[in-house]
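Peer 1: Handing you this structure, nothing more for now.
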């Protein structure tokens, strides 16, 4: 069955004019929602993501509760790694932990390839369920970027400084580029499978890429990113690039064949455009503001919207994920305000 969906988000991704500014929030599904916390009392993250009905329910919750203009598939960026031979455990209070970190070219050469229909069928089944039976807004698929995935694989878990990752990059360039190629292949195959299953846009999260300088990005990371965007682009869905702490890298994305640049709060939208970002923009509220009193939030959001709305092709989002402490009512009120204020301003 083909469902009719609200395409405001997709129009903004394509740089088209919209009646109002579309909004969705990174980590909109999950830890800040009481309904989700009740589910987590009974099921682990692994169990939720491996159960299409349960995962689809969690994915759809913020659409129903907050009236956001897009859903993003509820899963972890580490989800595809076991398929290529990486033993990952999500530990409460820590995050992803890998007991056997990458240390050599031999370790890289042991990595396999992903076959999504065989290795992650539950993800594809969740997408099909959502897009054929449940959603009236676009579903966003996603993947971690090679650098961020590699950082977990080399560090063995979250890191504050990525010393091991960068040391490996500098000291073992042959192994590094082999790892980038392996991960790029995985990301390409994984995103294509999500698109074939029904997602209407894809976002690549490079959560830790802000740790590298421009010259190193250009040499050690950008070639893999160029290949990912070039090979996924013919699939015909909007592609979003989001890096955290990556204001210094925005100019490196100008020649990547992507559709939307995701910004965090460190770079104002006006400044990004002044620096040559002439495609759609997504962002860029500091999620910390969501813990402030409503008048403070409203004034701050007005400022972001006033910058974003100066050109067609703007999507409101956070610069990083929703905190567990955020009141769901705040997100509902925020979406309503974004829609109403932007509609009023754009009608002038």
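Backbone N, Cα and C atoms are what each Cβ position is placed from, and that goes for glycine too.
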Peer 1: Write down the one residue from 46, 220 that Swiss-Prot lists together with 27, 28, 29, 30, 31, 76, 152, 207, 320 as binding substrate.
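Peer 2: Swiss-Prot names 46 for this substrate site.
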Peer 1: 27, 31: which of these binding-site residues has the sparsest Cβ neighbourhood within 10 Å?
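Peer 2: Each of the binding-site residues 27, 31 was scored by Cβ atoms within 10 Å; lowest is 31.
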Peer 1: Could you measure the widest C-alpha to C-alpha distance across 27, 28, 29, 30, 31, 46, 76, 152, 207, 320, the residues recorded as binding substrate, and give it to a whole number of angstrom?
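Peer 2: The span, Cα to Cα at its widest, is 23 Å.
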Peer 1: So among the binding-site residues 29, 76, 207, who's got the most Cβ atoms within 10 Å?
Peer 2: 29
